[in-house]
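What follows is a short report on a single structure.
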Amino acid sequence: MKTAVHFGAGNIGRGFIGLLLYQSGYQTIFIDVNNQVIDEINKQKSYHVYLAGKEKQELTVNHITGINSIKEPDAVTEAIVKADVVTTAVGPTILPVIAKAISKGLQERTKQNNSPLNIIACENMVGGSSLLKEHVFESLEAHKIGEFDRLYGFPDAAVDRIVPNQTNKNLLDVMVEPYYEWVVEKKKIVGEVPPIFGITYVDDLAPYIERKLFTVNTGHAIPAYLGTHLGYDTIVEAMKDLRIDDTIYGALAESGEALIHAYGFNREMHQEYVSKIIQRFQNPYISDDVKRVARGPIRKLGAKDRLVKPALMYIEYTGKIPVYLAKTIAAALLFNNDEDREAIELQKKISATGYQQAFVEVSGCDSDSILTKKVIEQLRLLQNKK
C-alpha cells in the first residue's frame with residue numbers, strides 16, 4: 001500500500017485531502033502539533049466524512065496514523081524517507097514552520113532512498129508549493145541544491161472545498177460540501193505523476209488558481225465582510241440579504257471580466273462557473289460563520305489577494321471603476337473582531353492613520369489611485385447606510 005504523509009490534521013486535511021488520499025489507495029500519516037487530534041487518530045484509526053446535503057452521505061476513511069511533530073520529530077523524518085507523496089493543508093503562514101521538518105526529512109531521504117518525491121501544498125494561496133520549496137531549500141548546502149531539484153518536485157496546486165467551522169460528537173468526523181476542485185501543475189512534477197483520485201493535472205496552473213481565487217475566495221469574502229457589517233452570523237443568512245446578493249453578482253461580474261480578459265476564459269462557461277459558486281454559498285446544509293470566513297483581513301487586502309488584485313485587473317483591462325469590489329474592500333476595512341489578530345492590528349492602523357492610509361499600507365495602492373478613492377467613497381456610504 002502506498003504511503004502519503006500529510007501535514008495538517010485539521011478539518012480540511014481530514015475532510016478534503018485525507019479523504020481523497022484514502023480513496024486513491026494510500027495509507028496516510030497525519031502530521032500535526034495538536035496532541036488531542038493525533039491521539040484520537042492513533043486510537044480510532046478511522047473517521048467519517050459527511051457530505052453536506054439533504055441526504056448527508058457518509059464516507060469512511062481508514063488506514064490512518066498520526067505523528068506529533070513536536071514530540072516525535074525523528075518519526076516525521078522517517079515518514080518522509082518512506083513516503084510516496086507529501087501533501088499539506090496547514091495554512092499559508094505555517095508553511096515556513098513545517099519547511100524545516102520537510103527539509104530534514106528530504107536530506108535523510110537522499111541518504112536512504114534515492115527515489116523521486118512530490119510535495120504538494122494544498123493551501124488557500126497562489127504558489128504555495130513554490131513558497132514551501134523556497135523555505136525547504138533555505139537550509140540546504142549549495143552543493144545539495146542540484147540533487148534536490150532532480151529528486152523532489154514541488155508542483156503548485158489550486159484547491160477548493162468549503163469546510164465550515166463545526167463541532168462534532170466524534171472529534172475526527174468532519175462535514176464538507178459535496179463540491180471540490182484540486183488542480184495540480186503537471187510540469188513541476190518529478191518522476192511519475194502521483195495517482196491521486198480527484199486531482200486534475202494541467203500544464204498551466206495560473207488561470208485555474210486565479211479563477212478560483214478571484215471567484216470563490218472573492219465571492220466568499222462578500223457575505224463574510226458585508227454580512228458582518230450588517231449583523232449576520234452565518235454565510236447562508238447573509239446570502240439571503242438582497243444587498244449582499246446584488247454585491248456578489250456585481251463583484252463577480254467585475255472579477256470575471258478581468259479573468260476573461262487575462263486568460264481568455266469562455267464567457268458563457270465562466271458565467272456558469274460563477275452561478276455554481278454562488279449556489280454553493282447558498283447551501284443551507286453548510287452553516288459557516290461569517291467571522292471565520294472574514295478572518296485575516298490584512299492578508300486578504302494584500303496586493304495579490306482576492307480583493308485588490310481583481311479590482312486592479314478590472315481597471316487595467318476595462319478602464320472602468322470596480323464599484324462592487326471596492327465596496328467589499330471597504331467592508332473588509334470595517335471588519336472588527338477581538339478574536340482575530342489581524343483584525344485587531346488593522347483597526348489599530350486605522351485608529352492611528354485613518355482608513356485611507358491604512359488601506360494604502362496593507363494593499364500597496366497609491367493614496368491617490370482610482371481604487372483607493374473608490375474604496376474610501378464606498379466606505380463612507382457603508383458607514384452612513386448601515
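The backbone N, Cα and C atoms fix where each Cβ goes, and this holds for glycine too.
DSSP gives GLY8 (NAD(+) binding site) a coil state; it is part of no helix or strand. Within its own chain, GLY8 (NAD(+) binding site) has PHE30, ILE31, ASP32, THR88, ALA89, VAL90, GLY91, ILE94 as residues 6 or more apart in sequence whose C-beta sits under 8 angstroms from its own. Per Swiss-Prot, the feature NAD(+) binding site maps to ALA4, VAL5, HIS6, PHE7, GLY8, ALA9, GLY10, ASN11, ILE12, GLY13, ARG14, GLY15; the stated evidence is sequence analysis.
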By the 10 Å Cβ-neighbour count, the most surrounded of the binding-site residues ALA4, ILE12 is ALA4
DSSP output for ARG14 (NAD(+) binding site) maps to helix
